């Protein structure tokens, strides 16, 4: 389990090679853990190892056939491998398990569109060599009578019609391509580099997730929030698709959560269902939260660089330290001296010094005009110090 947690940390930091090493060890130790193979499948997908990713997600489905997110991941991998029929069946299976997840509806629509478009593309590519001049002259060369001439004209007209139809189809395809090109010019792009970066932080009442990508809008993106998960998808300018799917650490109030679109980022503000501290953004195998919100106030999510290990909130409850001997006596002197007037402070200094520390008076009228004589405690004799 430690290897799985360590791999998750590397994965969040986008250190996929290191994460894969940890996931390999986790899959060996936890051979019956479907989540371990799912994590490794995600890591393989990030490293473009699509076949390895598909193998791992199939293992996850064998170990846990009722988890809808495994079917969603498998369908996406099949779609990327252009296995659209398998992808469609997988998405439909996942939708039957979790009908509330709108991501399945989106991917089913995409898969059907690809399946419908593939036959047209294959028929337009294969018939192109058939309308060549070779079949048309055959009736002319085989027949010597002039009567077949109308038939040749018919054949030429049909071939011309076919050519016209093909040209129309090509024109339609070109028109479609131009429309898609016009839309892809404004597709989102990462704010920096080729990877879409994300960050998150929490307050007492909300968890804020930020996706750093430019030109993301409500029309070109799909963001689905449920009480237990967040699903984000939008196409990128390089032709790929950004996907962010995560089961949340603790349930949220999706109705009270908000999504804000900016020119360089998307901010998703999710309201917590209860005032607890989230250890991570993603759900873990640990049952129950770390603690109530009083723990968040005592240990902030972003600690100060000058933070002390002392728990200052508990200071009022700590018993005061009891002083003894000279420390207690000096404390009394300091308290009296700090609160006294200027004459009282002068009287204390004069009486204490002249009496050798045996007399302490705050009455300047009494000690100011005469020398203070030392008064030793009972049973002791006062003697002058001889140098």
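Each Cβ is built from the backbone N, Cα and C atoms, and glycine gets one as well.
The shown structure was predicted, so the numbers you read here are calculated from the model rather than taken from an experiment.
Under the heading compositional bias 'Low complexity', Swiss-Prot lists 118-127, 139-185. For 128-138, the entry in Swiss-Prot reads compositional bias 'Pro residues'. Among the features that Swiss-Prot reports, compositional bias 'Basic and acidic residues' is placed at 308-323. Annotated domain 'CS' per Swiss-Prot: 193-282, in sequence order, evidence recorded as sequence analysis. The domain 'SGS' annotation in Swiss-Prot covers 301-387 and rests on sequence analysis. According to Swiss-Prot, the feature region 'Disordered' maps to 110-193, 299-323. The annotation repeat 'TPR 2' is assigned in Swiss-Prot to 36-67. Sequence annotations record features per position, and here Swiss-Prot assigns repeat 'TPR 3' to 68-101.
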Taking residues 6+ outside the repeat 'TPR 2' (36-67), which of them lie with a CB under 8 Å of any CB in it?
4, 7-8, 11, 14, 16-17, 19-20, 23-24, 26-27, 30, 73-74, 77-78, 80-81, 97
Going by DSSP assignments with H, G and I as helix and E and B as strand, what are the residue counts for the repeat 'TPR 2' (36-67)?
25 helix, 0 strand, 7 coil
Whole-number mean of pLDDT values that fall within the domain 'SGS' (301-387):
71
